[in-house]
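If you look up Swiss-Prot, you'll see 1-21 marked as signal peptide. Annotated N-linked glycosylation site per Swiss-Prot: 27, 63, 278, 465, 475, 637, 658, 733, 823, in sequence order, evidence recorded as sequence analysis. The Zn(2+) binding site annotation in Swiss-Prot covers 46, 48, 168, 410 and rests on similarity to another entry. The disulfide bond feature in Swiss-Prot is assigned to 461-469, 827-832; the stated evidence is similarity to another entry.
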């Protein structure tokens, strides 16, 4: 070969080599390297289950004029991206989306996805239907929505989620740490939002990662490793966003092209890693590579991350690799480090000065109430579905379960979505209710054993909150009777009051044995008539055909997990009529003091002040001056703010008051006082848009306050946040107690945080906390407790005083993404007015140390009200009940006073899911904080418990298996296994004795297989 040909050949080879060099095989196979800084690259997408768009719009990618987001694309594109490189990983959270997608896939895709999950490339973490909020949901709802997701995952993939991933909720509940963390089998929980002052201190002390011990009762037995991200849940600083619409610099590694920047991007990555390492213990850090609705075209992300991992590892200063939070947690655990201890919770949350996210504790109070009502209904409906037997083809409670699960999302019940999305959440609940209502009606017909030829139909009244109940508003003058069935979902016998609108006054009430029951007629007032008419037209599109004259009030006694029936009919001459109430309108100066109350409790009102002034309980010798008032905070307009650059308004998330304005009665408004044998009431019209009724019931030792707030006026261009204050003389010393998601109570001190020295810049908003269950004050002699009917925000801004925020109507957005002011309206045809809220709270004063029993017991009654159903009975055609009363448990038995039934549910496979909860904390009550014992046999009378398996809280694995897998963490200042004195837990259930022990704050979950007599079909579970 001559020289010329040889040189040509060499040039050709070099040319081929140069062309081929443009195809790179990136090395993504690195794993943990001891001694180096290990950067765990965690690809994820945060997919809100509704926020700016509805859940379905987000899934299919519609309504993109609001936000370009399509979760279907995310999941579609992740699968081939993972298949392209076995080292790539991805985590997914929201089961509401994943299950929609899964149900649409072919068997081949399902097989591939299962392989990806089992290989660890795709990890399902958190595992609930949504990433639930932690301020507004009740703990039972949090458990239910998590269970729904976890049981799907174990059924389809035979895996159990290990990691909590609460990266976006706006503050974090202690219940999340121990109940929805450790008790569901999680080894760690990660989140993005903690107070900016707290975060700054944790930067300096390297305490972003802690051992979180959320329950003082369960202690180290339910602690969890918890990590707060350095900033949020997004990629690290330096420009690492790779959605096709993002503008971060890509890794341009082709030297033949302009803008080659490999070293520049490596340097940015390493700099971000070293910065994060400086605030993190142990040589492992996590980069959260993703944010809201990312990976819609997954290859754009993985192409860049492949390059980064490849070139960063060639650089050698740090070690980068694809990872998951599970791998990260195991690495932290393997270091055998002792970690700082965190107790209590992460409320309230502020992301900067003057920006406390405490407004959403109250935002959309009607939706919050609707969620709570549906939660209680679902609990009762599942019980009745079990008693009858779950239908395999007909209506069931699944639709309501799904709707409730989605409603727990941190932009749903929180009240922080756009209005059309809030409407969608409510619509889903309404659809779920209709199907569950059918389940309840057929179950009750089955259990009452009414002659089916009579075509028995039990109606229900969902709109009693607006005083509308067609079933009770029937004309009984023609000889008809109304059957009222009251079902008690609690595990105790219950004596309660029923209030129903009726059209006539000559009625009497009889129990199932024909004995007359004492009753009272309370006149229907103007505020009820107006509220009823407007909202019936708004919701049903038609006006009520008649106006009730009275509320019929009577007392019912109902067995545990059972019902009793009552008959309302036209009073016969031999009957005693329902007692009409004595009504008086008292003007200022006519009578200085008015007293109401039956039995031990007396409440005094001042006509001069127009408010309650004195509370007296003769049984406990408690006498206390009280005063209840209304105020509003004008919403701050941040347009004049100089710092920060973005003005801070009060909005759906943020509460920023700009002055407090008392709301006083306009002119001389009379107190309308109603006296009767069962209840005394004081009606007050505070102003044209606020009214309230204060009630004291016979035999009860608490005060009930029903309020109506709205239409809040905004003609002055100022948003308003309406609060009520209940004042006492208690010397509470800046201290008060609020519940954690309806479970434990946490001590709060005004203007103080236990974890850092608080810089007080918002003395009102910065002292607000979420209230799901109640709030109380105490001094050395007394306890003052207030219980609520939904999630509210509240505080004790002044010693001796409880403050609740009841309603918000705002005209500005707070710049947190929703881009819509919180101005809810209700429309009749083309006329819209501000939303009116009706609700209740309750208060009571007890000797010091004795208030817990009322809070815990009555709290259960508030959460689980009686379920009422109605049937008409024609004269001459009596409805013959085979069972006019019923109890689903042994008639001689009830649950202990300190135990609540959380779940009684028949599952698809015929097994029964049972959850029981100890209601008290350690040392909360002298007697009821002790160990409780439940005889499980007596919960299933006449049935044999064939097999019983104790499960994790979310019922996706045996508890014994979960405990064996649990990681044990060291805590600074403690021994290797935490506290020397561990919290007590109930003993293993003996399969012969079948007794369950529960210690304070313990919840135990069991799966039960019932062996039914062969002569009984599955759906005739409670035939006589």
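Note: Cβ is positioned from N, Cα and C throughout, glycine not excepted.
Annotated features, which come from Swiss-Prot, shown on the structure.
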| residue | record | Cβ neighbours (10 Å) |
| --- | --- | --- |
| 27 | N-linked glycosylation site | 13 |
| 48 | Zn(2+) binding site | 27 |
| 168 | Zn(2+) binding site | 21 |
| 278 | N-linked glycosylation site | 11 |
| 465 | N-linked glycosylation site | 18 |
| 475 | N-linked glycosylation site | 11 |
| 658 | N-linked glycosylation site | 15 |
| 733 | N-linked glycosylation site | 14 |
| 823 | N-linked glycosylation site | 17 |
| 832 | disulfide bond | 14 |
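Same-chain residues at least 6 positions away in sequence with a Cβ under 8 Å from that of residue 461 (disulfide bond) are, in sequence order, 468, 469, 470, 471, 472, 868, 870. Applying an 8 A CB threshold to same-chain residues 6+ apart, the list for residue 827 (disulfide bond) reads 538, 833. Same-chain residues with CB within 8 A of the center of the 46, 48, 168, 410 CB atoms, the Zn(2+) site residues themselves not counted, are 47, 49, 51, 131, 167, 169, 292, 409, 411.
For the recorded site, residue 461 (disulfide bond), the DSSP three-state label reads coil. Reduced to three states, the DSSP call for residue 827 (disulfide bond) is strand. In three-state terms derived from DSSP, residue 63 (N-linked glycosylation site) belongs to neither a helical nor a strand segment and is classed as coil. In three-state terms derived from DSSP, residue 637 (N-linked glycosylation site) belongs to neither a helical nor a strand segment and is classed as coil. Neighbour counts of Cβ atoms within 10 Å were compared for the recorded positions 46, 410, 637, and the top value is held by 410. Applying an 8 A CB threshold to same-chain residues 6+ apart, the list for residue 63 (N-linked glycosylation site) reads 53, 54, 57. Here nothing among the recorded positions 278, 410, 637, 823 falls inside 10 Å of the CA of residue 27 (N-linked glycosylation site). Cα of residue 278 (N-linked glycosylation site) to Cα of residue 168 (Zn(2+) binding site): a distance of 24 Å. Using a 10 Å Cβ-Cβ cutoff, residue 469 (disulfide bond) registers 22 neighbours. You'll find the Cα of residue 832 (disulfide bond) roughly 11 Å from the Cα of residue 823 (N-linked glycosylation site).
When Cα-Cα distances from residue 823 (N-linked glycosylation site) are compared across the binding-site residues 46, 48, 168, 410, the shortest belongs to 410.
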